[in-house]
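Peer 1: One structure, pasted below without further comment.
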Amino acid sequence: MQSRTTPGAMLTAMREKPPLVQCITNYVAMNIAANVLLAAGASPAMVHAAEEADEFAGIASALTVNIGTLSTQWIDGMQAAAKATTAAGKPWVLDPVAHYATAFRRDAVAGLLALKPTIIRGNASEIIALAGGESRGQGVDSRDPVEQAEGSARWLAERQQAIVAVTGAVDFVTDGERAVRITGGSALMPQVTALGCSLTCLVGAFAATAPEDLFGATVAALATFAIAGEEAALGAAGPGSFAWRFLDALHALDAETLDARARISAA
């Protein structure tokens, strides 16, 4: 198999052996997240019921947890799956959507953080608030620039011993010591609902492919998303046509193009 040292190599490896990713995500995101994984070459499974979430985690190669549409029953499933995934030594990704908005969400995320996610992905406002700072987030939308969250991300990564990804106009990834920025994407991406949620699932797919290099896997997922976004924007008239063009661009993206066009710089 090709060495997994570049985003393109990881994309190739994922397509050669498609990982099964358990995606506990919100109602809004399920369809697009599943289609994003299929377009990229992975296999999605939207399994969240508490009665089976832990058992299914034993089958899946990675888990992603998104708290966009919460209920007590869903939290039970999230915790069960996270415990089983951790016990099996597999990676899992936490997407703390608008965790600062209500006490219910804050409590849910505190419980999930205690279960030690291997990767945390959020927007700038979510990461700032997760690190105890004052964010300007409004509902699920970020009002803070990514660069303002970089210090919070480094602190959170060290505290949680996890990879932290802050996504926005320019993405930022850190493990507390190393850090990079990924440039690319399109201004149309925030105009398509749940596209960020689907990115969390893609991070899980790359993490399943390269569990020995979770930092590199996270960077590769974000770079893949960014280049697909750039390609999709070329012929898009607006967010509607961008959405389906994005799936086509992701499906068509090859390793050589990804490695040639990915803009990743040390931070």
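Each residue, glycine too, has its Cβ placed from N, Cα and C.
Relevant sequence annotations retrieved from Swiss-Prot are reproduced here:
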type    : residues       : note
BINDING : MET46, ALA194  : substrate binding site
BINDING : ARG121, THR167 : ATP binding site
Peer 1: Could you state the whole-number distance in Å separating the C-alpha atoms of ARG121 (ATP binding site) and MET46 (substrate binding site)?
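Peer 2: Given the Cα positions, ARG121 (ATP binding site) is 19 Å from MET46 (substrate binding site).
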Peer 1: Cα of MET46 (substrate binding site) to Cα of THR167 (ATP binding site): how many Å, rounded?
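Peer 2: Their Cα atoms are separated by 23 Å.
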Peer 1: Counting only residues 6+ apart in the same chain, whose Cβ is under 8 Å from the Cβ of ALA194 (substrate binding site)?
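Peer 2: Listed in sequence order, they are ASN26, VAL28, ALA29, ILE32, ALA33, GLY68.
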Peer 1: What number of additional C-beta atoms lies within 10 angstroms of the C-beta atom of ARG121 (ATP binding site)?
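Peer 2: ARG121 (ATP binding site) is surrounded by 31 other Cβ atoms within 10 Å.
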Peer 1: If one looks at the chain holding THR167 (ATP binding site), which residues at least 6 apart in sequence have a CB under 8 angstroms from its CB?
Peer 2: ARG121, GLY122, ASN123, VAL146, GLY196, LEU199, LEU222
Peer 1: Report, as a single number, how many Cβ atoms besides its own are within 10 Å of the Cβ of MET46 (substrate binding site).
Peer 2: 16
Peer 1: Which three-state DSSP class does ALA194 (substrate binding site) fall into?
Peer 2: coil
